[in-house]
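J.: Quick one: this structure, given as structure tokens, is what I'll be asking you about.
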């Protein structure tokens, strides 16, 4: 609750934050109220998200939501460590679903495979997003850098962490599930043109949603993990039988290296990257500008 108005000339003494205050030890991860302690203005309840930190500007437009909610100072080493672990978890779980499905004669089904990937994305965003931004995908990293949401200087290191994590996870899967590794390889069952189009479209959809929850001050950033995970699940339900529903170059690259099967690999490297850039660019172009009369919410995103 906001403190009462101070009399003119009176000295205002602010009480220290209680353990229940977000950002203090023992405090909640997300709160539904934001109070401007400098002006004591009564603002509408506005949610805060601490899972996906952001900073910077987009196409010359300053994102004012960052001015009163600074990102923690996280070293690049910690970011890369979180990105490696997050990508490892994603590739291991998302690839294990189809492998188990093959090994046990369809026990997982398409819905199970989609759930493995979607739930993995959700929990990784919620657990590591505040550290590295939880990119987990070179296409996302490149798209955000191209649209000035992410520094180009960090792109090679992020991609190296993602690729190495994917290969490590894939060889771990090979050791556990050999000889069923082929079940986790994404290979098109349609023509190359159809596979390219499908991967482009589903990655476009994914980055459209990611850019919304990551960069728009009016999007519900607290639901970023759920929104992105649900999008991944939906896309796999749509494209899984045709292309495997990769949307991510390292989702295909790691299992391809571990199994030695590089069939149509270029489709899964090029189409998701082009789709990601297009999806992010389209949302950036259509999103509403911040209104002076409607204070933006302090949200965080995939940008670190």
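Cβ atoms here come from the backbone N, Cα and C positions, even for glycine.
Relevant sequence annotations retrieved from Swiss-Prot are reproduced here:
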MOD_RES   301  phosphoserine
TRANSMEM  80-100  transmembrane segment
TRANSMEM  106-126  transmembrane segment
TRANSMEM  157-177  transmembrane segment
TRANSMEM  195-215  transmembrane segment
TRANSMEM  219-239  transmembrane segment
TRANSMEM  266-286  transmembrane segment
J.: Cβ under 8 Å, sequence separation of at least 6 from the ends of the transmembrane segment (106-126): give me the contacting residues as numbers and ranges.
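T.: Residues packing against the transmembrane segment (106-126) from afar: 51-52, 86, 89-90, 93-94, 96-98, 100, 134, 136, 224-226, 228-234, 236-237, 240-241, 245.
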J.: What residues in the same chain, six or more past the boundaries of the transmembrane segment (157-177), come closer than 8 Å to it by Cβ-Cβ distance?
T.: 76, 79-80, 83-92, 95-96, 99-100, 103, 132, 135-138, 141-142, 183-184, 250-251, 253-255, 257-259
